[in-house]
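Here is what Swiss-Prot records for this protein:
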ACT_SITE  CYS14  active site, nucleophile
ACT_SITE  HIS119  active site, proton acceptor
ACT_SITE  ASN134  active site
COMPBIAS  257-275  compositional bias 'Polar residues'
COMPBIAS  279-289  compositional bias 'Basic and acidic residues'
COMPBIAS  344-355  compositional bias 'Basic and acidic residues'
CROSSLNK  MET1  ubiquitin cross-link
CROSSLNK  LYS200  ubiquitin cross-link
DOMAIN    1-180  domain 'Josephin'
DOMAIN    224-243  domain 'UIM 1'
DOMAIN    244-263  domain 'UIM 2'
MOD_RES   SER219  phosphoserine
MOD_RES   SER268  phosphoserine
MOD_RES   SER272  phosphoserine
MOD_RES   SER273  phosphoserine
MOD_RES   SER321  phosphoserine
Amino acid sequence: MESIFHEKQEGSLCAQHCLNNLLQGEYFSPVELSSIAHQLDEEERLRMAEGGVTSEDYRTFLQQPSGNMDDSGFFSIQVISNALKVWGLELILFNSPEYQRLRIDPINERSFICNYKEHWFTVRKLGKQWFNLNSLLTGPELISDTYLALFLAQLQQEGYSIFVVKGDLPDCEADQLLQMIKVQQMHRPKLIGEELAHLKEQSALKADLERVLEAADGSGIFDEDEDDLQRALAISRQEIDMEDEEADLRRAIQLSMQGSSRSMCENSPQTSSPDLSSEELRRRREAYFEKQQQQQQEVDRPGPLSYPRERPTTSSGGRRSDQGGDAVSEEDMLRAAVTMSLETAKDNLKAERKK
C-alpha cells in the first residue's frame, strides 16, 4: 500500500488530486490546470465573437465568470478531459447509451473518474486489484472485484457522474509491484474529516483525564471506580447501623440491671444486702435448691426406730418454721425479682425507642 501514490485533499484542488492519483504521480499542478482553463476560455470567446463582438450575447459572455475554473481551485470536466488528452487518454460517460451497448464488465476496465457537484476522484486498477483513490480519504481503499459493480451502482444512485478512462495509462511502480503480489487491508481508511474529529475527541479526552489526575494528585484522593465507592459507602452505613443497634442493646441491658436492682432492694428483707448482683441471685437460688434437696433426703431416710424422733416444739420446731419461712421468702423474692427485671427492661427499652 505504501507504493500507491495518493494525494490528500487540499482546499478545492480535487481535480488536480484526481488526475495525479489516476496517473500515479505529480503530473499536474494548479498552474498547469489554470493554463488549460484559460485556453478553453479563449476558445469559447472566439466562438462567441463569430456572432459579432457588438452582439448582446458576446457582451453578456464577457461579463460572466469562467465556467472552467474559479478562485477556489475548482476545474471543469473540460479541463480534466484536455489534460488527459496530453497522455492520449479519453473519457467516456459510463451510463451513456453508446457505452452500455458495448456491455463491458467494469472489472475489465482500467480506471474510472467520478464527479459529484464540484468533487472529483479516481477509482483505478493497480496490478490485479481495484482501489478507491478518493482524496478525501486518509489512504487508498481496497475494492474487491465483486464489490466494484455494486460500488459504481451506489455512486450512480447518489447522483455521481462516472467516466470511463480509455487508453494506456503511464507505467508506475505500484502497478508493477501489485502485478506480483496482492495486498490485504485490515482496516478501511476513514474520511479526513472523521479522522480529524476523532483526533480532536481523543485530544479533548486526554486533556480532561490530565485535569482529573492533577486534581486527584492535589487533593490526595482518587476514586478508581465509582462502583467501589458506592459499595464502600454501603458497608460503612451498615457498620454504623450495627453499632447503633449494639449501643441500644447495651443501654437496655444496663437499664434492666438498674431496674432489677431497684426492685430487689424494694422487695427484699431489710437484713439482705441493699444491692444484689446477678451473681448473688444465682448463689441464693443454688443455696435454696440445695436446702430443698437436703430436706427431702432427711424425710426419706429411715431412722433406727419405726417412729421419728420427737423434737422440741419451741426450739427445733421454731427453727424449722423459720427455715421454711426463709426458703419461701427467698423463692418468692427470686421470682419477683426476675419478673420485675424483665418488665422493667421492656418498659425502659420502649421508653428509649420513643426518645
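Even glycines carry a Cβ here, placed using N, Cα and C.
Residue pair MET1 (ubiquitin cross-link) / HIS119 (active site, proton acceptor) shows a Cα separation of 24 Å. Ranking the recorded positions MET1, CYS14 by the number of CB atoms within 10 A of their own CB puts CYS14 at the top.
For the residue listed as 'active site' paired with the residue listed as 'active site, nucleophile', the C-alpha to C-alpha distance reads 9 Å.
Using a 10 Å radius centred on the Cβ of ASN134 (active site) and all shown protein chains, the other Cβ atoms total 26. Here HIS119 (active site, proton acceptor) is positioned 6 angstrom away from the residue listed as 'active site, nucleophile', judged by their C-alpha atoms. In the three-state DSSP scheme, HIS119 (active site, proton acceptor) falls into the strand class. On its own chain, HIS119 (active site, proton acceptor) has CYS14, LEU136 as residues at least 6 apart in sequence with a Cβ closer than 8 Å to its own Cβ.
For the domain 'Josephin' (1-180), the model's average pLDDT works out to 93.
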